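Taken verbatim from TrEMBL:
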BINDING   N156, K157, T158, D159, G210, Q211, S212, G213, V214, G215, K216, S217, S218  GTP binding site
BINDING   C292, C297, H299, C305  Zn(2+) binding site
COMPBIAS  1-23  compositional bias 'Basic residues'
DOMAIN    109-268  domain 'CP-type G'
DOMAIN    117-266  domain 'EngC GTPase'
REGION    1-29  region 'Disordered'
Amino acid sequence: MTKRKKLSKGQLRRIKANRSKKLQAREDAPLVDDASLGPEQDAVVISRFGQHAEVETQDGHRVKAQIRRTVDSLVSGDQVLFRASKTDDGGVIEAVHPRRSMLTRPDYYDGVKVVAANIDHIFVVSSPLPAFSSQIIDRYLIAAEDTGIEVSIVLNKTDLMTDELRDELDQALEIYRQLGYRVILASAKSAEGVAELGECMADQVNILVGQSGVGKSSLVNALLPQAELLEGAVSDNSGLGQHTTTAAKLLKLDKGGALIDSPGVREFGLWHMDPERVTWCYREFRDLIGTCKFRDCKHNDDPGCAITEALANGDIDEMRYFNYLRIIESMAEQKDSRHIKQKPLD
Ligand SMILES: Nc1nc2c(ncn2[C@@H]2O[C@H](COP(=O)(O)OP(=O)(O)OP(=O)(O)O)[C@@H](O)[C@H]2O)c(=O)[nH]1
Ligand SMILES: [Mg+2]
Ligand SMILES: [Zn+2]
């Protein structure tokens, strides 16, 4: 389990107010008459909208279901006990099976928000437009490492790259390959890498994460043309699409397994994590933790630091180390200002 950082009073107040508003909304929701419901059956959550969720039953039926008040948290990928209505084409979600994994992200209103459940493989998607940033990749990798779920990297939109840019980005990604991450160069447009991506996803529950506009929904469409998800158009410098995805959605893969498309966020904050945990999430730092001269070493200019020593020896990559310092610094800034600027998209 992750050690969570203490939240400020303002953050706690806001989160509490938001939770009680949500509880109130549930109490206002209509009760479902038990007699009108069929037997319990297993189903998977496709996507969640407020007090409802779309589920798929084991015989492949898609149903829009109400959620029992006793169900605390429900997201795409959750395995649930579902009862179909005898009188209409709806139903009720009675309970959620324990999750074998979940991906979370910090949220301005909810503290920490669960993005999806029961994931086996996270694909961090990047692109040349919006601009490639190894620091953003590192932020997503930290969140992924924190969950213990397998993680790979996708560089999408190769069709937009000159040979020169392709070489440059490929070199930047070589560092990740050396760290043991699989890197896939892909294009939803030219279909490069799409088959390879599909092979890596077979028989697992996969999720695409990454900045808004990198082409997650487009890759889903390339993998599953029948999905017909709405894609955005790169309308400005930020690359934010008009059809930006607002809710996570699960799609079944033809060869078994599933794929979840998730909404991108403008800025992926990590303020909910302990800086020590962030250090641990850097794979190449992990074995060095606890070997610095001082127990409270900040791995910056502290004497006898094992991490800066490994950096000097060339065992740790400069870019990764620079990103690490920037991320730790930005976490401290956010803590000082006691608020998070980012407004969530969903
Ligand atoms: N040239 C090119 N454009 C692409 C490619 N993949 C996606 N795009 C375009 O990039 C824009 C954004 O694509 P989306 O698939 O909506 O991006 P997203 O990651 O799902 O974005 P959010 O839902 O906002 O998180 C759209 O205009 C796509 O047509 C690609 O491989 N090549
Ligand atoms: Mg999308
Ligand atoms: Zn150190």
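From the backbone N, Cα and C atoms, a Cβ is placed for every residue, glycine too.
Secondary structure of the domain 'EngC GTPase' (117-266) per DSSP (helix as H, G, I; strand as E, B; remaining residues coil): 52 helix, 29 strand, 69 coil. Ranked by Cβ neighbours within 10 A across all protein chains shown, the binding-site residues N156, T158, S212, S218 are led by N156.
This prediction places the mean pLDDT of the domain 'EngC GTPase' (117-266) at 91.
In this view, the densest Cβ surroundings among the binding-site residues V214, C292, C297, C305 belong to V214, judged by other Cβ atoms lying within 10 Å.
The CA atom of K216 (GTP binding site) is located 35 Å away from the CA atom of H299 (Zn(2+) binding site). Closeness to ligand 1 is met by V214, K216, S218, these being the binding-site residues among T158, V214, K216, S218, C305 whose Cβ falls under 6 Å from the molecule. Put simply, of the binding-site residues C292, C297, H299, C305, the one whose Cα is nearest the Cα of G210 (GTP binding site) is H299. For the Zn(2+) site, the Cβ centre of C292, C297, H299, C305 serves as reference, and the other residues of the chain with Cβ at most 8 Å from it are K293, F294, K298, N300, D302, G304, A306, I307, T308. Taking CA atoms as the reference points, C292 (Zn(2+) binding site) and N156 (GTP binding site) are 39 Å apart. The binding-site residues examined here are K216, H299; by Cβ neighbour count within 10 Å, the least packed of them is H299. Among the binding-site residues G210, K216, S218, C305, the residues whose Cβ sits under 6 Å from any atom of ligand 2 are K216. Comparing C-alpha positions, T158 (GTP binding site) sits nearest to H299 among the binding-site residues C297, H299, C305.
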